[in-house]
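Asker: What TrEMBL records for this protein is below:
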type	residues	note
COMPBIAS	1176-1195	compositional bias 'Basic and acidic residues'
COMPBIAS	1226-1241	compositional bias 'Acidic residues'
COMPBIAS	1256-1268	compositional bias 'Basic and acidic residues'
COMPBIAS	1274-1283	compositional bias 'Polar residues'
DOMAIN	33-120	domain 'Ig-like'
DOMAIN	131-221	domain 'Ig-like'
DOMAIN	254-342	domain 'Ig-like'
DOMAIN	347-435	domain 'Ig-like'
DOMAIN	441-530	domain 'Ig-like'
DOMAIN	532-619	domain 'Ig-like'
DOMAIN	636-731	domain 'Fibronectin type-III'
DOMAIN	733-830	domain 'Fibronectin type-III'
DOMAIN	835-937	domain 'Fibronectin type-III'
DOMAIN	941-1038	domain 'Fibronectin type-III'
DOMAIN	1040-1133	domain 'Fibronectin type-III'
REGION	1176-1283	region 'Disordered'
SIGNAL	1-22	signal peptide
TRANSMEM	1145-1166	transmembrane segment
Amino acid sequence: MMQWRRMEAVVLLVLLGQLASALDVPLDLSQPPTITHQSPKDYIIDPRESIVIHCEAKGNPHPSFLWTRNGTHFDTDEDPNVTMKPHSGTLVVDISREKAEHYEAVYQCTARNKHGTAVSNNIVVRQSRSPLWSKERIKPIVVHEGMSLVLPCRPPAGLPPPIIFWMDNNFQKLPQSSRVSQSLNGDLYFSNVLVEDSRNDYICYARFPHTQTIQQKQPITVKVINLDALNDTMAAFYNDTDLFSDDPLEERKPTFLIPSGPSSSKMVLRGQVLELECIAEGLPTPEISWSKRSSVLPVERTSFPHYQKTLRIVNVSQSDEGEYRCTAKNRLGSAQHAIHVTVRAAPYWLAGPPRNLVLAPRENGVLTCRAGGTPKPAITWTVNGVPIENAPKDESRKVEGDSIIFTEVQTDSSAVYQCNVSNDYGYLLSNAFVNVLSESPRVLTPSNKVYQVIKNHQALMDCASFGSPVPKITWFKESRSSTLDGDPYVVHDNGTLGIHVAQVRHSGKYTCVAQNFFGNYENHVYLEVKEPTRILKQPEYKVVQRGRSVVFECRVKHDPSLVPSTTWLKDKEELPEDKRLTVESDSLTIADVTEDDAGVYTCIANTTLDRDSASAELTVVEATPTPAVAYEQPDAPTDLELTDLKKRSVQLTWTPGDEHSSPIQKFLIQYQDSLHHRGHWHNLTEVPGTKTTAHLKLSPYIHYTFRVLALNAVGFSRPSAPSRMYRTEPAAPDENPTGVHGFGTEPDNLVISWKPLSGLQSNGPGLHYRVMWRRKKVESDWTSVTVSNYTQFVVSGTPTFVPYELKVQAINDHGAGPEPDVAHGYSGEDLPLTAPQNVRYEVQNSTLAEVRWDPVPPREMRGILKGYKVYYRREHALHKHNPHHVEEHVLTFSGNRSHGLLPGLRPFSRYAFNVRAFNGRGEGPASSTHRFETPEGVPGAPSFLMVTDPNPDSFTLEWSPPHERNGHVLGYTLKYQPVNNSNEVGPVMEMALAPNETSLTLLNLKYNTRYKFYLNARTGSGEGPAISQEAVIIMDEARPVSPFGNLSSSVGEEGALISWEYWGSEKNVYVEYIVENSDGEDEWQKEFVNGSQNVVLKNLKGGLSYRVRVVASGHRDQPLHHSEELLVKFPAVASRQVDIATQGWFIGLMCAIALLILILLIICFIQRNKGGKYPVKEKEDAHTDPEFQPMKEDDCTFGEYSDNEDHKPLKGSRTPSNGTVKRDDSDDSLVDYGEGEDGQFNEDGSFIGQYSGKSVSRDTGEGPERSEAPSPINAMNSLNSFV
């Protein structure tokens, strides 16, 4: 009998426990702690930010907090970097002075008061890591077309693991397909490669989501070789012998790249995501399919990403355990792989975590901790954080497996119990308190709450209560004649009253009464049952011709107390933004219908309580061909009539005019205000062309006259005749000015501004404004002033920067507008009174310092704080060689800041700074000046490095110390290495030099070798950047080694292509050329190459030979480097002539020319017969043009005169030592007219040699002279020269 009673009590206790758990204990009552918020178990932090470990709890009294770290007490007061938030257990760790990894540990929070102790989960704090990719040299991958390929990614292990993706150099994702795809571990798999897969920018990226950083692997180069192309290329070298087969690429059946072997296994935890992967190679590309043995895949939880190569099942359950099979198939065969999946489960709650118990003295209760898991989890209990077996003994409790049974509890039985459920894959920890109270009932549901429901729907009215013992809930309606405990009413266990099908008669006042041993409490609520919303006129199916208009109707009936809204959808989506669509309260109009408008249109009528919807389809068809119709504008509407005249509205109706074969699209209604704007018509509204009535909203104090215009596809009609006038009565303004602002322009004023009302908004004559203001948060009356025709008012004599409440009200002769809203503003600002205090600094490194200060108090800011400015200057460097100078800088830190960084400082320098606050008015006073010194930094590069005294086996290097020493220079490091003609460098030799050395002679160097030198200085902080120089060991002192080689030429139509190799250090390289055997006065012509190693000489003249060389020049004091000279012969280019010899006009012209030549010959013979030699002056008169060439008598062609006189130099003339004569810019040098190499003069200055035609170049005598075929063009040139 006793055993049966005990079982009955246990069942009752469970029910009571569930009932009590639904309620929270009001915080004004005594209760043990409850943890309300804590950081996650696995807490990954950002090492760049402060660490915040959350622990929030409630209780009465408010709990205190303690922490453990790695299982031992953590004294937060002893660590200067750790602070605990007030009234909270949350820890904030400042990592600016300590590395975040120092705080990686397992933390647990304890919240306690006199009624018990609650503990948090074990919070494992780890910092996120995004390590750099290890440096590696990736060799290019060469693969035959059709073979498989795997490009490894192997990203660095981060926390949490990175997200992998492949991109190219342009940050574009590489295309993937069933042939090319990324595996789960990030590698890129090719089932078979194609020639187009060749590229040099396969780049694997790893994105670390916690720190939002991306790491990049070195690009991978893939070269795919096509055997057919290789065969063709090699055959050309081996007499067309095929080295490779001509057969197409060898096809093969699929084989798996991953996983390997015929089967594999996979373990996954319940609730997680199962991802199985199969990637196969083969040709053609295999297709992948998935199946499960003896079962089907769960369709709603299964997907196949990565082109079917991955099977993904979300929210895994025990039913997903089994054997999965992936099949790869192409036309040559198939391959299969079996994957055995095992499902395990970390602990999970079967019916939720244990619930709090609130019991009265001598009551009974049960705490239940029921959880599942695979393997089955173990359950342990603790009390106030202490194992229950070690806790003080309590006669009222008994542990039975996963439950604790409480019998006849006492006041001192209050405590917090922890249930820990764990297995190999995780744990669950839950706190549940037992609170023993004696408390009279209270109802927590707000009193007089109104519940609204729709007729024929369920109604639920809450009566949330609290008391100990648990109160009994009783419901009454209106007169309390009887309790509501039968049909149609249902009282739920939590006290809620329900009505399954509410009717209008159920509306009214309801009372719930909560009662227990210590008293009772009642609460009143109200129920309103509303009529449902219904669409009476539903849209109908429409078939409309393209270009026409269509109207869907949607008339709604609803409860009068509810405000409906109508929404239209097209094909279950929002209507597009289109001016052709007009939505009104009861219709949708689509004008100028197109094919895109076809679809299903849905009208949705919504209220705050319910909704109704109806749909109809629109079909668009082509317009039926009709005879040509003359379209015109519509006729003007007629018969305007005003009905339903009210103070603020009127009904306007009209009769449409003739459409003239074009449907009316809309009507435009205009009005004229004869009182304020006589003769001006204003647009009032538009209505669809299917309507002839409009309900017009009007404003007071307007004399309205209306007219209507109709619009069709052609245009607007003429306006209708005006309606009769309708006068609205004046009234007080309906609205007040908007945009009310308050601000100050001076420290002692307040400017109140607003946007005035328009004439239409004034509603009557005599519009003015009442401006009101008063100090905020100060008990004072409103001060007001009335103004007219103004948009702002200035209040003088105000305190500096104090808040004000503002109002502006519109008033006319018929009354005031509504009570205006209160706006807020501030009087004028003034400069801050005080400077920031407690200014301090911390030098971070040689180029960065942090400045901190205490903010200026708000009362002394006298305005809105804009920020702080730090003025700092470099007074001088700490090195004796550096001059004294001051550089002023200003850094602005916006907002309410208390610290800032000064970047870009000079190392080894002395700085001074001060801090100032500023507001909208300006800057406040400066703080006291503070000074600090930056430590040494690495030095700059030496000022110069030059090579002097080159010898066959040695160099002398000279240098100067760095301009920016940034500390005490401790010495120099010299590195040098040989460089061959292919710019490949040899071994590096290194020397350490003393700080006072500025030159060094290097001996025993290899002759005819180029060396590269690197010199850098060092301080206590390290080595600075290096300065470099190159030089070449010369073979002998007389002639330096030329840095040029492989000089060659080729002649084409564009000119002569000159190519060479260059390994010198000089950057100024150019090509020089000159006509072979040219006179000493000719200069070398230059052609600059701009860093190239070839150039095309385009200005060469045909039929001449040129000497060409390449020159490199350095500094002014360095000799030029010349290449060997190259002789280039440029052939003559044949003239392009038009065959006009058969033209009549050409024959006539030739006859005239022949006559002129005959006359010239006669004149020549006459002159020669006069005496042989003649003065130079006569020759100049006869040959006025230097281009003239005398005519040979034997063939009537123009040749050269010659004589046999000796050529004597001119007395007093000088010849340059190199045997050349420099030519001036003119082409008419007398040298060109003499015989032989130079023209000669007599002692009396007369010209001895005969005139000869000017030649561009002279041959060396090795070959015949150049001659040209006679042509009409040459003949004309000769004639022009003679004339």
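Numbers here mean position along the shown chain, with the first residue as 1.
Note that Cβ sites are derived from N, Cα and C of the backbone, with glycine treated the same way.
From a predicted model like this one, the values you see are computed outputs, not experimental measurements.
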Asker: Per DSSP, what is the residue tally for the domain 'Fibronectin type-III' (835-937) in helix, strand and coil?
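Answerer: The counts are 4 helix, 60 strand, 39 coil.
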Asker: Under a criterion of three or more Cβ pairs within a distance under 8 Å and sequence separation of at least 6, are the domain 'Fibronectin type-III' (636-731) and the domain 'Ig-like' (532-619) in contact?
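Answerer: As far as Cβ distances go (cut-off 8 Å, pairs 6 or more apart), the domain 'Fibronectin type-III' (636-731) and the domain 'Ig-like' (532-619) touch.
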Asker: Take the domain 'Fibronectin type-III' (636-731) and count its residues per DSSP category (helix H/G/I, strand E/B, coil), listing them in that order.
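Answerer: Per-class counts: 0 helix, 50 strand, 46 coil.
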Asker: Restricting to the domain 'Fibronectin type-III' (941-1038), what is the model's mean pLDDT?
Answerer: 84
Asker: Determine how many residues of the domain 'Fibronectin type-III' (1040-1133) DSSP places in helix, in strand and in coil.
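Answerer: Tallying H, G and I as helix, E and B as strand, the rest coil: 0 helix, 48 strand, 46 coil.
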Asker: By DSSP assignment, list the helix, strand and coil residue numbers for the domain 'Ig-like' (131-221), in that order.
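Answerer: The composition, in the requested order, is 3 helix, 36 strand, 52 coil.
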